[in-house]
Amino acid sequence: MYARISALIPKKVQDAFKRELEYLGIEVESARFVGFIFSFGILLSLAISLNLYLLFQFPLLVSFAFFAALFVGGIYLWLSIAAESKGKFVEKILPDALQLIASNIRAGLTTERALIVSARPEFGPLELELKKASKRILTGTPIQDALAEIANRIQSKSLEKTIWLVNKGIGSGGQIADVLTQLSDDLREQNSLQDEIRANISIYIMLIFFAAAIGAPMMFGISSFIVQILSKQISGLQNIEVPVAQVSSRTPFAGLPQSNISPDFVLVFAELALLVTVIFASLTMGVINTGNEKNGFKYLPVLFIISFAAFFAIRLILSTMFKQLV
């Protein structure tokens, strides 16, 4: 049933989910998985939308489209971030793995045997891929094809380039051990430079985090409270009855127009503006830290909680200090 449902989904979407499942090593039929995700997402979104419509008269189609996109997009984002985290882990331990494989080859082991012996538990997902590559070589698969399959199952540009260089070295008849050793040294230097760059830009991440978690909530909290106070004071002045004979153009607040913007509207606007600020701050931190904005979503829950807690705390403090004006 789920496979039939997935046939109604665009092929690009199916391929995107299939690719992430392969990167994560999840052994499940991608068509059934995609069909289940969309079916469950539609039913869940429909249930939530109906409740919102019956309780709060919220537009049914708008809420349905929002929650359906949020559910499916959230699942894909989670898969993508998990696959990228797996690739980042492999990139960290890749120099050690290459050095170990080179040492085993120099010790006289064959390539497939060196891959099996080098498959250590501390290498995590790379351990499983090394064992699979060794088995493929033993069953007659060319070593270049077996190694290339590793890059297809782990999302890592460094790993992909490394395997490409190894295959080129094998094809040209070079010494595999020497190639692996050189690549290991280059990757260590590259990782060291990346750590240094990450340390240098950490100050920018801290500034953005502080601006979104403290600065923006203070600004929105104070401004929305001021609007609330002014609105109440102006409405109070408008209720004062002044004799017509005493009213002149010089009378303070005479003929003051009634504002159509309520304090509740300003409060909702401040909350939405703060939410947008938090989202874009998270994406910006992701770009600065890793070069990929989707990695910033991991900052979103913490930043959301801190910023909104600060926003309501500031409003509560101001309400307590100026309660005679509220």
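Any Cβ shown, glycine's included, is placed from N, Cα and C.
Bear in mind that TrEMBL entries carry predicted annotations, made automatically and left uncurated.
The domain 'Type II secretion system protein GspF' annotation in TrEMBL covers 98-220. According to TrEMBL, the transmembrane segment annotation covers 33-54, 60-79, 203-227, 265-287, 299-318.
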Which of 60-79, 203-227, 299-318 contacts the transmembrane segment (265-287) most, counting Cβ pairs under 8 Å: 203-227
Stretch of maximal Cβ-Cβ contact with the transmembrane segment (299-318) [cut-off: under 8 Å; candidates 33-54, 60-79, 203-227]: 203-227
For the domain 'Type II secretion system protein GspF' (98-220), the number of residues DSSP places in helix, strand and coil: 105 helix, 0 strand, 18 coil
